[in-house]
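**Student:** Below are the features I grabbed from Swiss-Prot:
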type     : residues      : note
SIGNAL   : 1-23          : signal peptide
DISULFID : Cys32-Cys238  : disulfide bond
DISULFID : Cys79-Cys89   : disulfide bond
DISULFID : Cys94-Cys99   : disulfide bond
DISULFID : Cys146-Cys228 : disulfide bond
DISULFID : Cys151-Cys211 : disulfide bond
DISULFID : Cys159-Cys174 : disulfide bond
DISULFID : Cys178-Cys187 : disulfide bond
DISULFID : Cys188-Cys198 : disulfide bond
Amino acid sequence: MANISSIHILFLVFITSGIAVMATDFTLRNNCPTTVWAGTLAGQGPKLGDGGFELTPGASRQLTAPAGWSGRFWARTGCNFDASGNGRCVTGDCGGLRCNGGGVPPVTLAEFTLVGDGGKDFYDVSLVDGYNVKLGIRPSGGSGDCKYAGCVSDLNAACPDMLKVMDQNNVVACKSACERFNTDQYCCRGANDKPETCPPTDYSRIFKNACPDAYSYAYDDETSTFTCTGANYEITFCP
């Protein structure tokens, strides 16, 4: 065990070198009237919550991520798993109860990069992969802009017919134009791989008008990326 002097020296090293070791708590809450299954995927850092778990109506679960973590969260709907966690979901499927990758589009995403440039957290709600449920991100205890980010409109109700995903005569998700048409124009690739050559489309404007604070397409950064320093975050499905 380290003695008091060595602990004091270690503390001074962290302070004088400007290193802040902080963990961030995420609280995932289900306000939907039906059960959802949260999915998690890390781009950098450890897998959180074993990759996925069930949230009954009104339930919540807290996950803790280290500084430097990046990744995404989403809700899966219409899932059916056996005792071993094998099965599938109608929306947001990721290979089992504990996700083996990202959710199959269309799916609403909460995206984070913790302690990025300037020590800030970067976060957003993205509809780039389409939409399945309402979603909100609320920071707490941080400093800086720390604004609420979310898509709180029912895009399934406003989804154009050609983008609808149906299950048993119900609209369960709304595809992005990129997912539906798979062209450079809608996917911002090839000759359209820059903001100057990939402007908003009629389809992305439908998403943006419904959810002004969410990413509606790949280059929708200006009004859709939010920052906060030293915060914890509540991610609510169906806020």
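Glycine residues also receive a Cβ, built from the backbone N, Cα and C atoms like all the rest.
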**Student:** In whole Å, how far is Cys211 (disulfide bond) from Cys79 (disulfide bond) when you measure between their Cα atoms?
**Tutor:** 26
**Student:** For Cys146 (disulfide bond), what is the secondary structure by DSSP, using just helix, strand and coil?
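**Tutor:** DSSP assigns Cys146 (disulfide bond) to coil.
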**Student:** Express the distance between the Cα positions of Cys178 (disulfide bond) and Cys99 (disulfide bond) as a whole number of Å.
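**Tutor:** Answer for this pair: 24 Å between alpha carbons.
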**Student:** Between Cys89 (disulfide bond) and Cys99 (disulfide bond), find the distance joining the two CA atoms and give it rounded to the nearest Å.
**Tutor:** 11
**Student:** Using C-alpha positions only, work out which of the disulfide-bonded residues Cys151, Cys159, Cys198, Cys211 is nearest to Cys238 (disulfide bond).
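**Tutor:** Spatially nearest to Cys238 (disulfide bond) by Cα position is Cys151.
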**Student:** Taking Cys198 (disulfide bond) as the reference, which of Cys32, Cys94, Cys151, Cys174, Cys187, Cys211 (the disulfide-bonded residues) have a CA within 10 A of its CA?
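**Tutor:** Checking Cα-Cα distances against Cys198 (disulfide bond), the disulfide-bonded residues within 10 Å turn out to be Cys187.
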**Student:** Is Cys187 (disulfide bond) helix, strand or coil when read with DSSP?
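**Tutor:** Going by the DSSP assignment, Cys187 (disulfide bond) falls within a helical segment, counted as helix.
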**Student:** Taking DSSP three-state, what's Cys178 (disulfide bond) in: helix, strand or coil?
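**Tutor:** In three-state terms, Cys178 (disulfide bond) counts as helix.
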**Student:** Out of Cys79, Cys94, which of these disulfide-bonded residues shows the lowest number of other CB atoms within 10 Å of its CB?
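**Tutor:** Output over disulfide-bonded residues Cys79, Cys94: least Cβ neighbours within 10 Å is Cys79.
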